[in-house]
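Q: As annotated in Swiss-Prot:
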- 4-24: transmembrane segment (TRANSMEM)
- 43-63: transmembrane segment (TRANSMEM)
- 87-107: transmembrane segment (TRANSMEM)
- 109-129: transmembrane segment (TRANSMEM)
- 144-164: transmembrane segment (TRANSMEM)
- 185-205: transmembrane segment (TRANSMEM)
- 221-241: transmembrane segment (TRANSMEM)
- 246-266: transmembrane segment (TRANSMEM)
Amino acid sequence: MHDSLLTIILLGILEGVTEFIPVSSTGHLILAERLLGAHGANSASFDIIIQLGAILAVIVFYWERFLNIAKGLFQHSTSSWHFVRNILCGFIPTVIVGAIAYHAVKALLEKPMVVAIALFVGGIAMLIIDRESSHPENTSVQSIPAHKAVLVGLAQCLAMIPGVSRSGATIMGALCLGIDRKTATEYSFFLAIPVMLAATVKELWEQRHNLHIADFGEISLGFVISFVTALIVIKLFLEIVTRRGFAPFAWYRIIIGLVAFAFLLFN
């Protein structure tokens, strides 16, 4: 696993901060582990499990809303059923495309230089899309038509490329389809739950031989740090998006992408 307590803390914070904002948590972990010299099979297992901490943060943050939706399903609420429909419509395309292409894409593109380029290009795209999106047609997750939910799910598949960002792909896809900023952001949060749970279960099964009881303490620490950090970041992210849009995150991607590209090119 990781030799340094500081490395565990830094990676837990990094996962919690970057999982739900459109800057690519996977890309940041790849770059950070390259910089810290913390990579390998055991490192992959650690990365997978700390993602669960970030997922749990979304469930806790929106617990009351999820509870109301669950009650609405039993009361035959159209709004609740539309919410579930849209989560499934966004989730299923990702599962299908992921099952077909995930390993091939991962083998070809999981490289630090690809991450640097994807961060930069994604930042430029984010600036343009955020600037051009106006007059949204859909202002709640329940109001999103099924065909738009499917298209957002297909956009989410771009996140198989390290550095693209799952949240970035879904949010930008949603903005292009006339979904407002806050709704696009929350829809991305909600889609993360089934998508990341499915990906985590799959990866845990494939990495099961690299998991050891001796690593439980390190994994637990990373999990807790990721959870607490993500819980704080979700609220802050929604406030920033509502007030300032996605430009701050786009510029961050552009700068980090350029810095990473230069670092990798000369090292």
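Note that the numbers count up from 1, one per residue, in the order the chain is shown.
Each Cβ is built from the backbone N, Cα and C atoms, and glycine gets one as well.
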Q: Compare 43-63, 185-205, 221-241, 246-266 by their Cβ pairs under 8 Å to the transmembrane segment (4-24) and return the stretch that comes out on top.
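A: The stretch I would name here is 221-241.
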Q: State, in range form, which of 87-107, 144-164, 185-205, 221-241, 246-266 has the highest count of Cβ pairs under 8 Å to the transmembrane segment (43-63).
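A: Maximum Cβ contact count belongs to 221-241.
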Q: Quickly jot the same-chain residues contacting the transmembrane segment (246-266) by Cβ under 8 Å, restricted to those at least six beyond its ends, or write none.
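A: Same-chain residues near the transmembrane segment (246-266) but 6 or more away: 21-24, 31, 112-113, 115-124, 126-127, 130-131, 163, 168, 171, 181, 240.
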Q: For the transmembrane segment (87-107), find every same-chain residue at least 6 residues outside the stretch whose CB is under 8 Å from a CB in it, and list them.
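A: Here the qualifying positions are 146, 149-150, 152-154, 156-157, 160-162, 170, 187, 190-191, 194-195, 198-199.
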